[in-house]
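Visitor: First the structure, which I've put down as C-alpha cells, then a few questions once you've had a look.
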C-alpha cells in the first residue's frame, strides 16, 4: 500500500516524477493517468506525495473514519456524528460547542470561528481581520501574529540616505551596491553595474585568494583558512602537516582520516574522494552502489541517502509500512480507519481487524444507541445496524471499544510552544517569563524588540531581520570573523578572527572596535558570553583548550585542556551555571561541565561526525546542534536524553545554529545561506538570506536570548575573589589566571616565581611551575614575527628575545608590559642571546654578519667583540662566575668555542662529531657544558674546558633545538616532535613530555630567582671604565672597551670622544656611520629623535661635528650633531626634491641642488641668507661637490641631455665639462690630492674619472650595477649601490681591490667619507667675511659678496638691503610668498607668516610696512610685518567669505568684500570703527581696489548679473561701470599712472581694461586659461592662473610679450606689487585723519567723517574737528581702538559742496525716514554751531543705540528663524525666470547655487579643529582637471537668465548651516557634506545662450587634492 514518514521530500524534476509515477501505478495494476481512478463501488483517495494511489470501498466514504490516511475520504462530509453537545466542523471534526467563536482555530479549518459576532478589542490591542485581538505593539513588527497576516499589511519603510533600495523595497547599505555580492534578495543591487570595474589587484605584501579578495601575504600557507575557500593554503610545500589521525586535503584543510574515501565530499576540493579503491564500510554502515558508506539504520527508511537510491532498493519486505495515527495496520499491510476495528466486518480482508485476532467484545443483536447509550461511555452512533462508540475531542477510544480516555496533549511534541498543562478532555499552554501567549493559545511570542539575526560573514558582521527584508552592516573590513556572540545589556558584540588570531569586541552600533584577546590563539572557533557574570568563554581547536576571561580579556584562564581534541561550538547556560561544547576530533562528542570547569560529562558521543553549531533553547530547556558530516540538525534535553533528529534532509554543510521562539536559524557553508525551520517539526523551511559571502556563526539578538532572570552567584563584590569568580551549578569558585597559584580560597599570587619560558616564532610563552596544570600561557607581546633566542633577568623581571624577521632584540616584563626594542639596527640573523646578570650586559650572536656583539641591557654602548673566523654562530651562554662565554658555530666546520667575556683567550673546545650544535646550557654546580646537536640527534655534555665529553640522550631526538637546565632536570624543544620534553640531567632517564602539538618551537629557558651572585671589579665605579666594563677570566677579572667604531685610549680605560675617520650614509629612513678607525666595518645609526621619511642627500661639517641631510618627502633640510643631539630643521620652504647637498666647512655654507625646482642654492649653515645661484638651463641637477680652495662648484645633471658642469662657488663662470656618454650621473666627488673629478653613472654602469677641467676622462670601474652615492677618502673611493644594496670600496686611482664594506642595506642613498683629524683649508673670505654684509662666496680668483635671493647688491658691492625694493607678493592657500622684480631670477621666497590656512586676498600698507590678508578657513583678516613677524588679527568676528581686500594708505582705512554676507565693509587699519558701507544691490562681490587720490572705490561682482562698479570711498555715488559682456570678473587692479582699471574674466578667458568711468574699454589679452587675480607694475600686467598653476605677465600697452614668471604653484590666489611707486598721492584725510574722530572718507571733491556701526565708547562726531562729550555707558560691546588725536579746529578746512552726516544713519534708517539729513550735505564752517552739535550728537547717539538694539533683536530673530534646522530653506523655481508667478517660496529664496562661484571648503588648520559654529558651504560645480577638454565642456554649458542668464543648473539653498559645537566637524565630514551637495547638483539643463555670455556656470575649477572648495580658497 502506502509508505509514510521520512521527513520532507524535495521536489523532483517533473519529468522524473512522471516516470516514477508511471512505474508505481503499473506495479500496482493501475493505469497511468494524470490522476488515479478506482473501479466501481470504490472511492479514490487523493494521490500521495509519492505518487501512490489508494482505493477504498465506497461505503467507507463519509463514515467519520480516516481510511485514506489523509482524511480525503472524510473531507466535505456532513455526517450527523457529533453529539448535541458538540459543534460539527466543516471538515467533519467534532469540537466542544463552548469552543465556538472563542478566537481559537479548534476545527483546524477555522469553521468554528466563521460568522462570529465581532469581538471588541481593548484600547491597547490591534483588531485582526479574522477577529483576533493582538497587542498593538505587535502590529507591523514583521511577525504574523494574527495568523492571517493582517497585522503586517504595512507601508514599506523608507531607506535612509546611506542605504540603497532594492526592487523588492528592502534597504541595504549603500556601498553594497555593485560590490559583486548579491545583497538584495532579488539581486537588484548588482544590476546595471558599470562593467569596467577594475579587478582588484593586490599589493606586493598581499596574497590574492581564488575569488579575488586580498589578504596579507604572511597569512599565505600559515595553516589557517584565511581566504575562506582554503585557496591561501593550497600549493604550500612548507605547510605543517595535520595531526595524527587526520587527512590533509589538497587545499590544506585537515579532516578526520576516517572520512577519506567514504563517498562523502568532506574536503572543499573533494580531494578526500580521489584515487580511492573500493571503500570498506564499517559494521554499522551500509555500502551504496557508488561506494559511499552510510549508516545502516538509514537503509530502507524512505530517504535516498546514497544519492543513487541504492539504500532504498529491495525494501518491500524489509519493514512494515506506517499507517496514520488514527488508522489500524492490518496483517496484510493494509491500513483501515481505527473505527472499523471490531465492527463485525472483515474490513482488512484477512480478518485481522476482528476476532479472534482482536480482543473484540461479543456482540448481541439487540444493541441500540437508545438503550443505555449503546454501552458507550461518551458518543454512540448506529452504523449498518450496529453500535459504534466514539469519544469527544480530547479523548480517545480504548481497546474495549466503549470506554474513553483523556488524551495527554502535553505529551505530544510541539503541541505547546513552551509550557503545557493537561486537563481532563483538554489542555492549557503557558509561556515562560518574558514571553506571552499568542492568540492561537499555543505558541509564545517574546516580549521586547524585533529579533535580529546577527551573523559573521568572514569579512564583515551583518544583521538581518528574519521576518522582513531589512539587511544591514554592523562591522566591515574584517579579516576572517568566525565565532560571534553579544552582550545585550552592555550593548557589545564579540567575535573571533582566525586570520588575526584575535578576539575582538565593539559596540552594537559598530563603534569602538578593540582587541580583547590578542595572544595565544590559534583557531578560536567558538565563543560565548556569560551575560550574568560578565565572562567570556571560548574554544580553540588549535590549542585544544576552552578558556575564560573577563569581558575585557583580563584574568584569562585555561579552563579545560585535558581530553580535548578539536572543541568547536560553545554555549552557556548561566542560569544553571553550565557550559556546553562540541568536539569534532577523532572521537566526536558533545560535553558539558559547570562554568568553573568542574563536573564534566559527555552527553552525546554516538552518531556524531562533525558537530559544528550548538545552541540552547532557554525557554524550551533543550539544546540543538548541527552535524555537517551527518547533514542533520538534532536536539536533546539538556542532559542529553530524548535525542531526536529535527531535520535530516537538505543540509549540505550546516555550520552554526540559533533558536528563537519556535524557529531554528542556521547558516550553511555550501549554500552560503541562512535558513529557518520550525524547531519541533523541522517543517516550514525558509531561506532567510542566500548568496552570502561566507556565513559563519549566527545568533539571535534579542533580550530574551539573554534572560535576566538568572541569579548572579558572585554577587556585587565578585564573590570576594581577587581575580576570577566562576559560577558552578549551585555556588561559585574563585579561580586564578593561568599559571598563578592560589594563596587562599579567594586569593591568588600576584606574580610568578618560576616558569618555563619558550619561543614559538610568532609568540613567546610561559608554563608556570607554580601550578599543576602546566598550561602554556602566551606573554602578550606586540609584533613578534620570528622569535628565536631567549634569556631573562629576574632582577628587573625582564625577558629578552631576538627576532630574525624584524632583525631586532627586544625586551619586556614577564607579564608583557614595558615592551621595548633594545637593538634593531645592523642585525641580520641574531640567533643566540645571553644575559650577563652581574654587570647587566647583553651578549648576542649574529649568523648573518658572523659576529658576536655586546651592549648594556638597554642596548646602549653596543660594540663588536668577535668578528673574525666565525661561520654562522648560533647559541651563546655566559658564565659570569668564571668570566667566560661559550658559543656554538654550525658553519662548514661545526664547533663549540669559548673566550673570556671580553673576547680574550678565545679557544675551540669541541670540534669533532658535531653537525648542527644548537642549544647550549651551563650547569654552574657541576661545571658542565650541555649542548644539543640536531644533526647528530643527541644531547651531550662535557666539562667547561671540553674534556670528559659524554652523550646524555642519544635516542628519540628527531631535531632538538633549545636547551636549558633547572633543578635536577634538563628541558629541551624539538622541532620535529613539536614538543617540549625533560629528563634527568645526570642520567637522561625519566623522560617526560610537558607540551606537544606545538609548531615552530625555538629557544627555551627556566625563569627563576636563584641565579648565583658574583662580586666583580666592575661593580665599583664601572671598573674605572668610561664606557663598557666587561668581565674576563682571572687573573685580569675585567677589561674596558668602547662602543662600535671608537678606539680605547692609551690608558686602557677611556674612550675617544667619537669617530675620527668614518663613512656616513643616508638610508631613506635613517642616517648611519661606519667607522674607519677600527679593523672591521660595522654601521651605527645616528640616533636622531625624529622621523625620517626619505632621506636622500647628506653632508658633514667636520668642524662642528654635524651632519646635514635632505628629506624629499618632508621637503626639508635638517641637521644634527653626530651623536644625534641638537636636531633642527634649517630649510623648510621652497624645496621639492633635494637630490644633492654639499657642506662648505671652510666657508661655513651649505649648497644644494633641487631636481623639482631645477635650482642650485646656497645658504649659511643655519639656513639663513638663502640665495639661488643657478636657475637657468638646469634639467635635473643631482650630485654636487665643492672645492673651496679653488673656488669651484661641480654638479651633475641627469636630465634629457645629461652633463657634468662647473662654476665658481658664487655661480659665475659656468661651463659644461662633460656632456657625452653620460646616462644617470649620480655620485660625484672631488679628489683634491689627485686633482681629479670622479663620478658614478648608474645608466652606463661605470665609475669614471677626469681632470678637474674635464680632460683625460677614463673609466675606473665597469660594470658596477647601480651606483648612487660616491665619496673618497685617502686612497679609496666608496660608493653605494641600489642593486646590491651594499657599500663598496676600491682604489681611487686604479679601481682595483674592490671589497664589500657593508651589505644588506636596502634604501641606500648618498654617502660621504669624513676625516675629522684632517685640517680644513684656508677660508678665501678671511676673518671679516670678506667685508660682505651678507654672503661671501668664493670663486677661482677670489671671492664676491652676494645678497639673499631677490635682493640686489649695492654699488659698494659689499652691502645689501634687508628686502627687495619692488616685488610681487602672492598667496597660495597656506603660504604668502614674494618674487623680487629687482633681480632676473624670479625665485619665490616664502614670507614666514605663522598660522596660514587658506589665504585668499592680500594688500599691503607702505606706511607701516604691513601685509594685510584674509584667511577664509579661520574667517579672519590679519596683518603682519612685510618680513612675516608680528602677526595679529585685525577683524576676527562677523566674517563669512572675505574675497577682496584693499588698503587705503592715505586715510588708514581697510576695505573688504564679504561674498557670504554680500556686503562691502570698512574699518580703520587696526580693525576699529568697523562699518558696513554697501549692503544692497550686491550679489557676489569679489575683488576690490581703492584710488585714494581720486576718492574712488572699485569692485567686481560676479553674481546673477556680473558687473564692475564704482563708488566714492564712503559708499555713496554708486555707479555701474561695466555690465555687458562679462563672465566671471575675478581680479581687479588700478593703474594709477594711466588711470585705467584692469580686470580678468575667468569665464571669457581674457584680460580687459577701461578708464575710471568705464569708457574706452579694450581687451588686452584674449586667451588666458583661468585667471584669478592681477596686478600692475611699470609696463607689465601680472596675474595668477589656476589652470596653468602659474604667475604670468604681459605688456600692458600691447598685450604681447607674454611670459611665465613662476610655474607649478598649487593653489595660487591673490597677487599684488609692493613698490615705492605704488602707494603715492594724498587727499584731505591724509592730515590728522581730516579732523574726524573715527572714519574719514575722501571723495572726488571733498571728504566726510563717519561713525562706526557699533559705538565703541568713544565720542563720535561726523563734523570735522568736533569732539563730542563721551556718551553714557551702554551695554553694547566695546571695541578697543587707538583714540584719535585731538584735531585743532584751526587746521580744519571748511567743507565745500556735499558733506553728509551719514556715519550715524544706516540705509535702513534712511529708508524709514529716521534720518533727518539722510542725503543732505551738512556744511560746517570754523567754530560754528558747536554747542548745538553736542546736543544733536548726544540725542543721535541715544537714538542710534536704541535702533541698533532693535535691529540686533530683529536680525537675531530672523537669523534663528532662517537657520532653524527644522525648517528647510528650499526654493522651487521654474527654469525660466521670465514669469514670477510660478515661483513657490518657502521661507526664503536664495540665489540659484550655480551662480555661487566660490566653492569654499573651510579647510582645517594645522590642528584640524573648526572654530566656527556655523560652516557655510557654498555650492557650485567644482571641476577642472588638467584635461583641457573638461574645462571646455564646462564652458559649453549654456544658459541664460533675464536676458543674460536663464536656465539654472540646480535649485536648492546655497547655504548649508550646520549647527555644530566648536570643533565638531572634521575634514572628512565637511568634505562629505560638500560631496553630497555637489552630487545633488549634477544634472545640468542646457539652453541657448545670449551672444553676450557664453555660459553661466559658477567660476570654479581647480583640481582639488583633498579639499573641494571655492575658487578663492583654491
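Cβ atoms are placed via backbone N, Cα and C, with glycine included.
Not measured: the values here are computed from a predicted model.
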Visitor: When you get a sec, could you say which of 1712-1733, 1734-1755, 1756-1777 is annotated transmembrane segment by TrEMBL?
Guide: 1734-1755
Visitor: Choose the correct range: of 1662-1695, 1798-1831, which one does TrEMBL annotate as region 'Disordered'? Give that range.
Guide: 1662-1695
Visitor: To the nearest Å, how far is the Cα of residue 62 (disulfide bond) from the Cα of residue 315 (disulfide bond)?
Guide: 34
Visitor: Return the residues near residue 242 (disulfide bond), defined as same-chain residues 6+ apart in sequence whose C-beta is under 8 angstroms from its C-beta, sorted by sequence, else 'none'.
Guide: 248, 254
Visitor: Using CB atoms and a 10 A radius, I'd like the single residue among the disulfide-bonded residues 121, 193 with the highest neighbour count.
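Guide: Neighbour-count leader: 121.
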Visitor: A 10 Å Cβ contact count, applied to the disulfide-bonded residues 94, 178: which residue has the minimum?
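Guide: Among the disulfide-bonded residues 94, 178, the lowest count of other Cβ atoms within 10 Å belongs to 178.
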Visitor: Same chain only, please: residues at least 6 beyond the ends of the repeat 'LDL-receptor class B' (1105-1147) with a C-beta under 8 Å from a C-beta of the stretch. Say none if there are none.
Guide: 1058-1059, 1064, 1066, 1071, 1073, 1086-1090, 1092-1099, 1153-1157, 1163, 1165-1167, 1170, 1180-1186, 1188-1189, 1193, 1195-1196, 1209, 1228, 1310, 1316, 1320-1325, 1336-1338, 1375, 1387-1390, 1392
Visitor: Within 10 Å of each Cβ, count the other Cβ atoms, then let me know which of the disulfide-bonded residues 133, 315 comes out lowest.
Guide: 315
Visitor: Around the Cβ of residue 335 (disulfide bond), how many other Cβ atoms lie within 10 Å? Please give the count over every shown protein chain.
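Guide: Its Cβ has 23 other Cβ atoms within 10 Å.
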Visitor: Is it possible to get the count of other C-beta atoms within 10 angstroms of the C-beta of residue 267 (disulfide bond)?
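Guide: Around residue 267 (disulfide bond), other Cβ atoms within 10 Å: 22.
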Visitor: Residues sitting near the domain 'EGF-like' (429-444): Cβ under 8 Å, six or more positions beyond its termini, same chain?
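Guide: The answer is 103-105, 128, 132-135, 145-147, 415-421, 618-619, 661-662, 703-704, 707, 709.
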Visitor: What residues in the same chain, six or more past the boundaries of the repeat 'LDL-receptor class B' (621-663), come closer than 8 Å to it by Cβ-Cβ distance?
Guide: 7-8, 10, 259, 264, 266, 303, 414, 417, 435, 443-446, 451, 453, 455, 466, 569, 571, 573, 576, 578, 580, 582, 590, 592, 603-604, 607-615, 669-671, 676-682, 685, 695-700, 702, 704-705
Visitor: Pull the DSSP breakdown for the repeat 'LDL-receptor class B' (621-663) and write it out as helix, strand, coil residue counts.
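Guide: For the repeat 'LDL-receptor class B' (621-663), the helix, strand and coil counts are 0 helix, 24 strand, 19 coil.
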Visitor: Considering Cα atoms only, can you say which of 89, 166, 236, 323 is the nearest neighbour of residue 330 (disulfide bond) among these disulfide-bonded residues?
Guide: 323
Visitor: So which one is it: of the disulfide-bonded residues 184, 236, 330, 348, which has the fewest other Cβ atoms within 10 Å?
Guide: 236
Visitor: Out of the disulfide-bonded residues 166, 178, 267, 348, give me the one sitting nearest to residue 89 (disulfide bond) by CA distance.
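Guide: Considering only the listed disulfide-bonded residues, the nearest one is 348.
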Visitor: Rounded to an integer, what is the Cα-Cα distance in Å between residue 249 (disulfide bond) and residue 221 (disulfide bond)?
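Guide: Here the two Cα atoms lie 14 Å apart.
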